[in-house]
Each structure stands twice: as structure tokens, then as C-alpha cells.
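What follows is a set of notes on a single structure, which appears directly below.
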Amino acid sequence: DGRCICTVVAPEQSLCSRDAKSRQLRQLLEKVQNMSQSIEVLNLRTQRDFQYVMKMENQMKGLRTKFRQIEDDRKSIIARNFQELTDKMDELKPLIPVLEQYKMDAALISHFKEEIRNLSAVLTGIQEEIGAFDYDELYQRVLRLDSRLRSCMGKLTCGKLMKITGPVTIKTSGTRFGAWMTDPLASTRNNRVWYMDSYTNSKIVREYKTMDDFVAGVVSRTYSLPFKWEGTNHMVYNGSLYYNKYQSNIIVKYSFETGSVLAQRALEFAGFHNMYPYTWGGYSDIDVMADELGMWVVYATNQNAGNVVISQIDPDTLQVLKTWNTEYSKRNAGESFMICGTLYITNSHLSGAKVYYAYATKTSSYEYIDIPFHNQYFHISMLDYNARERALYAWNNGHQVIFNVTLFHVIKTDDDS
């Protein structure tokens with residue numbers, strides 16, 4: 001229709017890492033530096049030992065002179081010179097281990113020189129592969145490109161899911177079931193991560209300041225919630241945690257800043273405590289999620305014959321704003337997530353899973369689709385979309401992973417009505 005259509009895929013900035021060759025180059029440079037320092041120490045030692053050797057050489061010359069004197073007149077001076085020889089030999093005894101060390105150091109220096117020659121050849125090869133740009137310059141170019149991509153993404157309207165790639169494994173920790181997340185409404189400078197291990201009988205939430213801290217296991221804060229949670233389908237949104245209260249259909253809003261409950265509300269008719277879970281069980285009856293259009297909750301009711309129900313809710317009051325009833329059985333859904341007002345449902349939590357069903361709330365219509373994704377660790381117990389990162393966060397059998405998504409976008413222009 002005369003419109004410009006494009007697709008942009010921008011991975012999470014914090015996932016960018018140094019090129020393997022650059023890492024290898026830096027490691028080799030550090031090794032060369034360490035070896036150079038070792039050689040410098042050895043050089044000082046050999047200089048010191050060389051002085052001993054020179055001293056010993058002079059003493060040996062003196063001994064040769066004494067021996068000649070003894071040979072010329074053995075009878076007259078043998079007693080006196082014998083004592084002098086004994087004294088000289090006593091002086092030479094400490095120099096024997098010095099000579100041994102000198103020989104060892106000389107061999108070690110020779111070994112170091114050979115290894116440095118080999119490393120120099122490797123470094124030259126790596127430098128040729130990397131090219132003219134050093135790592136810092138390349139990294140700055142990547143950051144500038146990332147900024148341009150995200151600026152472009154800001155101009156994109158909501159899109160339709162076309163492809164899921166990955167996953168990228170961020171960390172391996174916890175039990176088989178759990179949840180981890182970042183805040184989609186946080187500023188780009190705020191990269192805090194929250195971690196909730198297990199699907200029941202727990203109230204402990206761990207916070208990490210950055211993704212790097214999360215990987216390293218550096219906890220910045222620990223929260224003890226007022227109520228235990230149920231399931232793994234929690235969400236952090238605008239600084240608050242939203243979760244399903246244990247053995248109930250109540251959604252709780254907990255503020256990390258104040259450490260208090262800001263709101264809680266029962267989700268009318270919603271099944272709970274394994275009445276209508278996802279295929280893997282785990283009290284996954286109620287799934288709180290968010291996308292570009294706001295906050296949602298996915299569940300099932302007896303009134304809708306156990307099929308999936310979608311409700312958009314107010315993030316402040318938790319009041320239901322609008323509801324859509326689908327015809328897809330909640331118990332046959334592996335996991336689900338919202339992107340741009342469309343609910344995407346996977347057909348399984350095990351290997352071979354794919355996104356199988358999509359329900360668009362804008363048109364109240366559905367379609368069966370076929371978008372495969374790699375279930376690397378064979379069991380997914382949490383799958384949530386992060387609108388800020390345009391990525392799927394997943395808990396994959398004790399592994400915290402991220403999937404990239406490709407969306408089909410249409411860029412709006414001033415000519416569009």
C-alpha cells in the first residue's frame with residue numbers, strides 16, 4: 001500500500017559480550033605481561049649470580065697460582081699452603097648451590113623466551129583476524145548502533161509475533177521451577193533483576209542490581225513477602241511485584257520501595273491451586289503478565305468450561321477492566337504470554353513445544369499458528385514477555401534463559417490516517 005515495512009531485532013544490551021578472539025587476545029597479553037615480569041626477576045637473579053661466578057673465577061685463578069707454587073716447592077711450603085687451600089675451599093663451598101641455581105635460571109629463561117616467541121606468533125594471527133579496530137572502538141560502535149536501533153524501535157507500532165530465536169542461557173541456579181524477571185517500565189539505567197525460586201511454600205524474593213550481579217550471585221536485597229506465592233507466573237511492573245496468593249485466587253500487589261502490600265483483589269470465578277493449571281501443573285492457574293498495552297491476567301473458570309480467560313486489569317487497583325473468553329483449554333496450554341494485546345499460547349512445556357494458538361483482543365479473534373522454539377533444557381515452567389527488552393524471559397529446568405522475538409511491524413507515517 002505504498003508504506004515502508006521493516007523488521008528490527010535488537011537483543012538486550014546487557015547480553016552483548018566481548019568477541020571470543022578479543023577475550024583470547026587480552027588473556028594472552030596478560031600472560032605475556034606476567035612472563036615479562038618473571039623474566040625481569042630472573043634477570044636480576046642471574047646478574048647477582050653472575051657476580052658470584054666472577055668472584056669464584058678469580059678465586060679459582062688464585063688457586064691455580066697456589067698449586068703452581070706448591071708444585072715448585074712442595075716440601076718447604078706444603079704445610080702453610082695446605083691451610084690456605086683449605087680456607088679457599090671453604091669459601092667456594094657456598095658457591096656450589098649458586099651455580100646450580102644459575103643453571104636452572106638460565107634454562108628457565110630459555111624456556112620463557114621460546115614460549116614468548118610462540119605467543120607472539122599467536123598474537124599476530126589474532127590481531128590480523130580482528131582487523132584494524134581495537135575492542136574499545138568496536139564496542140563503542142556497537143553501543144551507537146544499539147542506540148539507533150532502539151530509537152527506531154520507539155517509532156514502531158505493535159507487531160505480530162513471527163519468530164522466536166535462542167535461548168541465551170544467563171544462569172543455572174535454583175530448582176526445576178521458578179521465576180525471574182526485570183521491570184519493563186524501569187528506565188534504561190535500571191537493570192535490576194528479581195528472583196523467586198520454586199512454585200510454592202515460599203516468601204523470599206532476591207534482588208540483584210544488574211544482570212552481571214545476577215550472574216555472579218551478588219544479592220543486593222532480600223524481601224520477605226507477607227503472603228506465600230503460588231505458581232511461577234509473577235511479574236514486576238513499575239516497581240511493584242504482582243503475584244498469586246497461596247491457595248487463593250487473590251492477586252497481590254507488593255511495593256519493593258515501601259515493603260508493604262498496596263492492593264489485593266480476588267479474581268472472580270478464577271480456578272486456583274491446580275484446578276486449571278498449565279500442562280506442567282505447579283499451581284500455575286493464574287498468570288499475571290504485561291505488554292506494550294498494559295497489564296493482563298490469564299486464568300480459567302468453570303463458567304468458561306475450563307478454557308482460557310483473558311482479563312485486562314488496572315495496575316493500581318487490580319480491578320478487571322475488560323474480559324475475553326477463549327475456546328482454548330487451559331490444561332492443554334504449556335505456557336502463555338502477551339505481546340501487543342495478543343495472547344500467544346504454547347502447546348507444551350516439554351521438548352518440541354511451539355507457539356500454537358494466538359488470540360487477538362483487539363479483534364476478539366483467534367488463529368492457530370506454528371512458531372517453534374528451542375526448549376533447550378526440556379522443561380519450561382515460566383515464560384514471560386518483557387516489552388522493554390522485546391524478549392521472552394524463561395525458567396527452563398533450573399536454567400534462567402532469554403529468547404529473542406522477531407515481530408512484524410508497520411511504521412506509521414504522517415500520511416497514515
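Here the Cβ of each residue, glycine as well, is placed from N, Cα and C on the backbone.
According to TrEMBL, the feature coiled coil maps to 18-73.
According to TrEMBL, the domain 'Olfactomedin-like' annotation covers 157-409. The average pLDDT for the domain 'Olfactomedin-like' (157-409) in the predicted structure is 95.
Marked as disulfide bond by TrEMBL: CYS158-CYS340. Every protein chain considered, the tally of other Cβ atoms within 10 Å of the Cβ of CYS340 (disulfide bond) stands at 19.
When other Cβ atoms within 10 Å of the Cβ of CYS158 (disulfide bond) are tallied across all protein chains shown, the result is 16.
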